[in-house]
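Student: The structure under discussion is supplied below as structure tokens; questions concerning it will follow.
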Amino acid sequence: MSVIQTVVPHTEKAKKTLSSRTVLMLATGAGLSVASIYYSQPLLGVMGADLHASVGMLGMVPTLTQIGYALGILLLAPLGDRHDRRIIILLKGILLAAALLFCGFVPGISGLLVTSFVVGIAATMAQDIVPASASLVSAAQRGRTVGTVMTGLLLGILLSRVLSGFVAEYFGWRSLYVGAALSVILITLVIWRCLPRVSATSTLSYPALFASMSHLWLQFKDLRRATISQGLLSVGFSAFWSTLAVMLQNTYHLGSAVAGAFGLAGAAGALAAPLAGALADRRGPQVVTLIGASLATLSFVALFLLPLLSFQFQIGLIVISAIGFDFGIQATLVAHQTIIYGLEPAARSRLNALLFTGMFVGMAIGSALGSLILEKMGWTYVVVLITFAGAASLVVRWGGRRAK
């Protein structure tokens, strides 16, 4: 028996199209769960004042959340190939709601760091929702369906900053976490009630399932290229968003509500998901990855113009750049998912786990380096970091094109 191949037969042609209501439900669940990772980013300034924490310690909040998310994907997401994903989503949703509730009541920075790590682990329910949507439709509809679910996930990432900044400004940052806990438990119960059963595609034991991931990594060059490229883009993405609130407060004296409002600009990038999915179905995902990585890199480069502009134009450029690189990064992500889901249908959870582990390792590195560079060297050098990351990702993708 192969450690990679399925032992549960299935046919792509037998699958039906999911109803638009079910796809919307999955998109909402993905968005609300993954939003939990990003609520803290616009709040770091007000959290620091309330908890009397340094910039370096505050930077560890998103860093530990993303490390928890990466570990959760790597260690738990493969179980989706072995068990009904509805059960996994239910258990993770309960844990996530509890962790968010604890975040709202922690008395100090140490407790917040611990609960943030748990939030990251449990928020990986989003990574059970996305492959579930891919498994319930035929190959011809996969790009569009995954793109729609990813729109919800990406809107959750980007609008979470808007919501958290607004709520913190007017109701306090702790109330944000309490409300988030309630929303997560509600959508978890709805998914449990409405999602069709997602059959297991493997009977491998957990140790064998986990060990098979190394075989998948070595077997598929496209998987390695997608993971490395997306991870590099994620370094830039996370370094920007995890330092923006502190930079805006220190440089422009703008509060958490304004920092969160920048998420509205980034939210426009979520439009890339369905567009990229549809384009990948028609023209192939390789083309989409090149377009997305190029757009993200050019948007990073544009930030070098900030010192040459007046205040109003500086803010405008930050908004335009946020739209551009978010659009490029999200388009690239959807295309990468389309690529890897076609490699080995029986191992989609494991393939997804490897891709997103690389992505969130990149995000953790970006948060840590971005906060350190901002504190020690200033914003200009944060821009150097994110530009280098984008350019390196483009080199990886271009190398893949030449290899073809």
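Including glycine, each Cβ sits where the backbone N, Cα and C put it.
Copied straight from TrEMBL:
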{"type": "DOMAIN", "residues": "22-404", "note": "domain 'Major facilitator superfamily (MFS) profile'"}
{"type": "TRANSMEM", "residues": "23-41", "note": "transmembrane segment"}
{"type": "TRANSMEM", "residues": "53-77", "note": "transmembrane segment"}
{"type": "TRANSMEM", "residues": "89-122", "note": "transmembrane segment"}
{"type": "TRANSMEM", "residues": "142-163", "note": "transmembrane segment"}
{"type": "TRANSMEM", "residues": "175-192", "note": "transmembrane segment"}
{"type": "TRANSMEM", "residues": "232-252", "note": "transmembrane segment"}
{"type": "TRANSMEM", "residues": "258-280", "note": "transmembrane segment"}
{"type": "TRANSMEM", "residues": "287-309", "note": "transmembrane segment"}
{"type": "TRANSMEM", "residues": "315-341", "note": "transmembrane segment"}
{"type": "TRANSMEM", "residues": "353-373", "note": "transmembrane segment"}
{"type": "TRANSMEM", "residues": "379-400", "note": "transmembrane segment"}
Student: Cβ under 8 Å, sequence separation of at least 6 from the ends of the transmembrane segment (379-400): give me the contacting residues as numbers and ranges.
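Tutor: Here the qualifying positions are 222, 225, 228-230, 232-233, 235-237, 239-240, 243, 247, 251, 286, 289-290, 293-294, 296-297, 299-301, 303-304, 306-307, 325, 332, 362, 366, 369-370, 373.
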Student: Does the transmembrane segment (142-163) come near the transmembrane segment (53-77), with 3+ Cβ pairs under 8 Å (pairs 6 or more apart)?
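Tutor: Contact between the transmembrane segment (53-77) and the transmembrane segment (142-163): absent, because fewer than 3 Cβ pairs are under 8 Å.
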Student: Given the model, what does the mean pLDDT over the domain 'Major facilitator superfamily (MFS) profile' (22-404) come out as?
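Tutor: Mean model confidence (pLDDT) across the domain 'Major facilitator superfamily (MFS) profile' (22-404) is 84.
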Student: Can you find at least 3 Cβ pairs under 8 Å between the transmembrane segment (175-192) and the transmembrane segment (23-41), where each pair is 6 or more residues apart in sequence?
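Tutor: Stretch pair touches.
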Student: Quick one: do the transmembrane segment (23-41) and the transmembrane segment (89-122) reach 3+ CB pairs under 8 Å, ignoring pairs fewer than 6 apart in sequence?
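Tutor: Output yes: the transmembrane segment (23-41) sits against the transmembrane segment (89-122).
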Student: State the non-local partners of the transmembrane segment (232-252) in its own chain: residues 6+ outside its ends, Cβ under 8 Å from one of its Cβ atoms.
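Tutor: Same-chain contacts beyond the ends: 38, 41-45, 55, 58-59, 62-63, 66, 161, 165, 258-259, 262, 266, 293, 296, 300, 311, 315, 318, 322, 325-326, 328-329, 332, 358-360, 362-367, 369-371, 373-374, 379, 382, 385-387, 389-390, 392-393, 396.
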